[in-house]
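Features reported for this protein in TrEMBL:
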- 9-178: domain '6-phosphogluconate dehydrogenase NADP-binding' (DOMAIN)
- 183-295: domain '3-hydroxyisobutyrate dehydrogenase-like NAD-binding' (DOMAIN)
- Lys188: active site (ACT_SITE)
Amino acid sequence: MDLSKISGLGFVGLGAMGLPMAGHLAAKLPENVRIFVYDINQASMDQLHQDYPKRITKCSGAKEVADKSEVILTMLPEGKHVRLVYMEGGSDTICSSDVSGKLLVDCSTIDTASSLAVKDYINEKFPTTSFYDAPVSGGVVGAQKGTIAFFLGCDGNDKNLPHVTRLLQLMGKEVIPCGGPSKGLAAKLSNNYLSGIIAIAVSEAMDMGMRSGLDPRVLHKVYGAGTAQNTICDRFCPVPGVYPEAPSSRGYTNGFKVQLMRKDFGLALDMAKRVGAKNVLGEAGYATYDGASNDPRCKDLDSRVVFRYLGGNEDWQKDADEATASKLT
Ligand code: NAD
């Protein structure tokens, strides 16, 4: 599918991620390409239409989007929504339109089984249609800035790779072909399992160091210079006030919601089970994110709020200042 020749692009799912991603397409696609959008939430369609009135057409459902577009992107919460929008939603699905020869890309983070079920259904009904999983990493801020990474479920020799890469790079930076169908998702889930485990480990290590009298800024330097160096501590430090741009330093807002981490962590554990991989840290990790998701002090906040959930001292700076003041008096 040569993207320079398309006249209609569809986008279903204009949430926290989908809305800014569709906004980048509206700002950057060649002028002749019209964008057809659908979301069950009318307000997000209205917002995009208001921002790009000449470019965006609001549709009444997934079928209308598919009828009018040669390339269709979806960005939905979970596997059940993706199955619904592509094939299980009765007469209003992407596959209730004739999508022969079209290019379909699902950017949602879902279970690999749902993604493969959708792909099999499409392959059977429309043998000339291409469907790819392309989950993203980089969060809402990355989607707004256009810096997200895509993990693409295809191999490096896929005939559509150059076109799909060019399309995805309008919304992000790096596009990594991961080897074949559903492997973009497998890569994303194993990445989030790892980053979720690291966030818990950093929180615990910081907490024990701080309780032993260490300044968290010193610990941050120590880990950075030593064998514990990792991006979560460097740039997403769970302890507030250590790294100014980390979500923790602005009240754990504007980050990757703890409930989303619980979802991805659970999906990763299901995948591990299915493929027979051992996870000694899995159960404890899931229980931590589940507990934090249900804790009113942590719910809806950035997942690195596990530091708070595990009882870390967020007021360390104030306590240190008070200790210094009392020594001086
Ligand atoms: P969101 O809940 O903000 O948005 C999902 C959108 O889908 C909503 O606007 C909702 O109305 C719409 N929707 C649901 N069912 C629909 C249907 N049947 N038809 C049409 N629209 C429908 O979620 P999000 O934060 O944008 O996340 C989307 C996906 O991206 C998830 O799988 C998430 O795990 C993944 N992701 C999120 C982040 C993040 O930081 N938010 C980062 C990376 C990946």
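Placement of Cβ uses the backbone N, Cα and C atoms for every residue, glycine included.
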CB contacts for the residue listed as 'active site' [other CB atoms within 10 A, all chains]: 26
Reduced DSSP assignment, Lys188 (active site): helix
DSSP-assigned states of the domain '3-hydroxyisobutyrate dehydrogenase-like NAD-binding' (183-295) in counts, ordered helix, strand, coil: 79 helix, 1 strand, 33 coil
